[in-house]
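Database features, via TrEMBL:
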DOMAIN    2-39  domain 'FKRP stem'
DOMAIN    95-133  domain 'LicD/FKTN/FKRP nucleotidyltransferase'
REGION    241-264  region 'Disordered'
C-alpha cells in the first residue's frame, strides 16, 4: 500500500533523525572494526582512539598485540597517535640538545618506509644517559619520581619495568615512545641497565653514534646511527631490512599475513 502523506518533520524531529542515523553509522563502523572512513568528498572521519580515550588494544603479551593475533596490523588511529607522540618527543629532545637515536624496530621502519612499521605498537629511542636531565620533562620525572603531563597533554614517566622512560600520547591513551638511557662502558661499548629479553637488546660500539645522522621518520627528520644497515643487522641479524619479522615469531610470523612474501 502506498505510504500515507506525512507533514514535514519539525526541526527537532529532523535533529533526532540525523542523530539516530549517526549513532547507527558509528555502531556499524565499530562492529566492522573500521577506524578511518574516507568520505565521498575526500574528507576523513576517524572512529578510533583519541587523546581522551584508551588505545584500541589491551595489554601486550609475549610482544604480540591483540590485533596481530587477529591477523590485522596496527589500527590507523593508533599509528596516527604514535606518529604525533614521536614527533613531539623528537622535537623536545632536539630543542634540549639531547643526543638520541632511533632504536630497534623504529629504525627499521625509518630505513624501510621513513615511517613506523605498520604492525608496530610503540616507538623506541635511545639516548645518552647523562643527557636525560637536559630535557625539562625528563628532569622533572628524575627529580620527583612522579609522572609529568606537559602543556600538549603528553604524559612523561619512568617505566615500571626498569630503568627507562616512557612518553604516552595522553594520560588516558597509553600509546607511547620508550626512551632507553645508554652509557659508555670501558672499551667504547654502549650499554644500559635494563634488558627485557627482546632480540634487539644487545650492546653495540659507540662508533655507530659518532656522528649521528638524520633520517626521515613519521614526518620529521630524526637522528639515527651512522650505518643503519650494520646497526640493524647487529640487532636483528643479516637481511633484517629486506626480511623483517614480527617481534615474537614464535607466536605469529609475518609470513602468515603476507602470503609468505616479504612486504614491499
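Glycine residues also receive a Cβ, built from the backbone N, Cα and C atoms like all the rest.
Curation does not apply to TrEMBL; its annotations are automatic.
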Based on DSSP, tally up the residues of the domain 'FKRP stem' (2-39) by helix, strand and coil. 22 helix, 3 strand, 13 coil
Residue counts (helix, strand, coil, in that order) that DSSP gives for the domain 'LicD/FKTN/FKRP nucleotidyltransferase' (95-133): 17 helix, 10 strand, 12 coil
